[in-house]
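Q: Right, I'll just put the structure down here and ask away after.
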């Protein structure tokens, strides 16, 4: 009886934690509480940790404790070194230390949620992810109604409430969509046949097109993937004029403006160009150490793209602090040290992609918990390389959760205490 109660508690906490993560931070952001998800993720993490303390014997894993200790020492130390090396920089210590507190809260909550996932059955976990996937897809479908309500009644500029932008919705959907197709869910496949054209034509989100490419990639044999990628690049470069005509004919100039860097006044193009400039900046000047944790946007780098973005936004720094995409933010804030972080992220993403593809194309079956973990890691490539919203994002939280979960499972397997998640009650 006690074991059944514990399993039920883990299931409820995990289900509502995932739901809270998906919808609470975006809702606060949409309502104007902050310019990022930081406040929402702080309140979310504190609430989940409180429930963890109420329902379970609360204790962090050794790995999570070490990671929190390391970030608490390394990030301020790096910032101190940067401030000494470049005394002219305006270091915002308060911003950095508050962000460090939020990151440590997120580390603690993802460690605990990964523990919850280990103590529920594979069937129950799969049901949770499927339910959330259905809800996200339905939310997308009804956005043509809810967006009008948000805009006309509440005055909120949202295409898919509670997400302020279609790209934010897509980033939240990404791991769930990859999981649904990796498990060959027939209902999701049927919904996708209608949902994909709806998102591309009606909502219009280039990030969704990137997600679509990522989903398709898991269905392509690994040996053919390089050939298809190179072929696609050649076809795109050789037939751009025809693609341009098609997009204009069907009133899809949105994609045309973002697929060509010639449209230099488009905000999305400028933000991406800014990200590329930020990657190069530390290596072209005397800022090899970067500008320090959460210091991007606090100093004027003199980048032409940044100045043009400020002009378009009327002097706002909103698009100068998130770094355009996560790799750009890492390089600008950590300089040469970012290489180590990016190598770790790259290895994790490549391994995840290979495991998902192996699960999809062979009899090599992963448990739902581990498969979803790999999907979260693989989905993070979108934020890493294409469209980021800073360190505090739904995808970033799910990435950390997945790293902890997969790490726990591998350590259990090596210690001999391993029991496949598929077989757990």
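Backbone N, Cα and C atoms are what each Cβ position is placed from, and that goes for glycine too.
TrEMBL entries are annotated by machine, without manual review.
Copying in the features that TrEMBL gives for the protein in this structure:
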type	residues	note
TRANSMEM	12-31	transmembrane segment
TRANSMEM	37-56	transmembrane segment
TRANSMEM	63-85	transmembrane segment
TRANSMEM	91-111	transmembrane segment
TRANSMEM	132-154	transmembrane segment
TRANSMEM	166-183	transmembrane segment
TRANSMEM	190-218	transmembrane segment
TRANSMEM	224-243	transmembrane segment
TRANSMEM	334-354	transmembrane segment
TRANSMEM	388-406	transmembrane segment
Q: Quick check for me: are there 3+ Cβ pairs below 8 Å between the transmembrane segment (166-183) and the transmembrane segment (334-354), leaving out pairs under 6 residues apart?
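A: Checked: the transmembrane segment (166-183) vs the transmembrane segment (334-354), no contact.
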Q: What residues elsewhere in the chain lie close to the transmembrane segment (37-56), defined as a C-beta under 8 angstroms and at least 6 residues from its ends?
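A: Same-chain contacts beyond the flanks: 6, 9-10, 13, 17, 20-21, 24-29, 99, 101-102, 105-106, 108-109, 112-113, 389-390, 392-394, 397.
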Q: Could you pull out which residues elsewhere in the chain have a CB under 8 Å from any CB of the transmembrane segment (12-31), counting only those six or more residues past its ends?
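A: Counting only partners 6 or more residues beyond its ends, the transmembrane segment (12-31) has Cβ contacts under 8 Å with 37, 39-41, 43-44, 47-48, 51-52, 55-56, 109, 113, 116-117, 120, 125, 128-129, 131-132, 136, 150, 156, 158, 161-164, 168, 172, 392, 394, 397-398.
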Q: Given the transmembrane segment (388-406), which of the listed stretches 63-85, 91-111, 334-354 has the most Cβ pairs that are under 8 Å apart from it?
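A: Comparing 63-85, 91-111, 334-354: 91-111 has the most Cβ pairs near the transmembrane segment (388-406).
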